[in-house]
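Feature annotations, reproduced from TrEMBL:
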type	residues	note
ACT_SITE	Asp78	active site
ACT_SITE	Glu171	active site, proton acceptor
BINDING	His76, Asp137, Asp194	Zn(2+) 1 binding site
BINDING	Asp137, Glu172, His375	Zn(2+) 2 binding site
DOMAIN	203-305	domain 'Peptidase M20 dimerisation'
Amino acid sequence: MTNMLDRFLKYVSFETTSDEASESCPSTERQLALGNYLVEELSSLGIEAEIDENGYVYGRIPGRVKAKKTVGFIAHMDTAPDMSGKDVKPRIIENYDGADIKLNDDFTTSVKDFPFLKDLRGQTIVTTDGNTLLGADDKAGIAIIVSAVEEILKDPDASYGDIRIAFTPDEEIGRGADKFNVKDFGADFAFTVDGGPLGELEYETFNAASCKVEIQGKNVHPGSAKDTMVNSQLIAMEFNSMLPVNERPEYTEGYEGFSLLLSMEGSVESTRMSYIIRDHSREKFEARKKLFEDIADFLNKKYKDRIKIEIKDQYYNMREKLEDHMEIIDLAKAAFDMAGVEPVIGPVRGGTDGSKLSFMGLPTPNIFTGGYNYHGRYELVSLDQMEKSKEVVKNIIKLLVE
Ligand SMILES: [Zn+2]
């Protein structure tokens, strides 16, 4: 059997950074190399696997017995564009002592910045060399899923029903679920294995929208501007000043929603602003979008139709869909329990592929991988926690035939 660590190290050797600026799917060709490799690996394990024209990898495992439901497990192949994922040089620390980890001459993962390090004492951890991200997000998830199904397939005594697995491109740029073929996947529900530390079990995400604001000013020579000039930048500042100051990301946590001014670009003649709007509550989410519209209406009256806004919903809180299927969460809790892992349930202050998939008809909560400090050079993963996650995956499969 390939060990899970070797498998993980192999996956992170593929550069799979996604690219928001690209319109193709996958957004970067290089993700296909990992996708093709995974198809080969799954095939070598006797799993019927294929990669589709959009770079999605699907695997199907027919059951030995009939299960109550068909479960799917999903992880993503791309890594965040925030930092290079090329030439990743992982460092393995066995029996970690809980102290500062010097990555290289310039960067140290310190206990002062990351107090959770103390909890990892005695575990085997994998870090970067400080020059790239690690890619545990979400190649740890892929290694966990492949290792779990390998162990089940090779265990002559294991009894399991139909299992589906999928590895998606472009999760980090918010498109991981877009071209997911829910119908052909054929699962009743699924889990993304894409969470953080031990115990994470997530089924609540934000409701999310983007809002683009365009303001048309009127630029004339400042010397003769009296009663003529309209400075679009000042209207933009007025627009922003009408949003509640205390409802920004830097002042909110838990279930508190926010709006964020992502970018602003302007001149006297015209100004564009780009916002995101987030809230766990659908009602408050709708109210937040309404506030943007109301501000635009007010300023359009005041300045005679100079403001255009475009609000687009991005994804919704999967809780809305899972509330009718709480047996899936109960199943996960029981699987955690069997592995001796206390579930840590909390709202995600973001979205997961599962948020979209749940609204596409595939309820998909998220479980932990054992990774920390995603998207940067301080990323690390605990192999011990990956083992626990693998146990949870196997337990879910087991519980479905009991
Ligand atoms: Zn991820």
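A Cβ is built for glycine as well, from the same backbone N, Cα and C atoms used for every other residue.
This view paints the features noted in TrEMBL onto the structure.
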residue : record                       : Cβ neighbours (10 Å)
His76   : Zn(2+) 1 binding site        : 27
Asp78   : active site                  : 30
Asp137  : Zn(2+) 1 binding site        : 26
Glu171  : active site, proton acceptor : 25
Glu172  : Zn(2+) 2 binding site        : 24
Asp194  : Zn(2+) 1 binding site        : 27
His375  : Zn(2+) 2 binding site        : 16
Subset of recorded positions (Asp137, Glu171, Glu172, Asp194, His375) lying within 10 A of Asp78 (active site), CA to CA, in sequence order: Asp137, Glu171, Glu172
Listed recorded positions His76, Asp137, Glu171, filtered to Cα within 10 Å of His375 (Zn(2+) 2 binding site): Asp137
Annotated recorded positions Asp78, Asp137, Asp194, His375, filtered by Cβ under 6 Å to ligand 1: Asp137, Asp194
Between Glu172 (Zn(2+) 2 binding site) and Asp194 (Zn(2+) 1 binding site), the C-alpha gap once rounded to whole angstrom: 11
Rounded mean pLDDT for the residues that make up the domain 'Peptidase M20 dimerisation' (203-305): 97
Integer Å distance between the CA atoms belonging to the residue listed as 'active site, proton acceptor' and His76 (Zn(2+) 1 binding site): 6
Inter-residue C-alpha distance, Asp137 (Zn(2+) 1 binding site) and the residue listed as 'active site, proton acceptor' (nearest angstrom): 10
Between Glu171 (active site, proton acceptor) and Asp194 (Zn(2+) 1 binding site), the C-alpha gap once rounded to whole angstrom: 10
Neighbours of His76, Asp137, Asp194 excl. site residues, C-beta within 8 Å of centre, Zn(2+) 1: Ala75, Asp138, Gly141, Glu171, Glu172, Thr192, Val193, Thr369
Counts by DSSP class (helix H/G/I, strand E/B, coil) across the domain 'Peptidase M20 dimerisation' (203-305): 38 helix, 31 strand, 34 coil
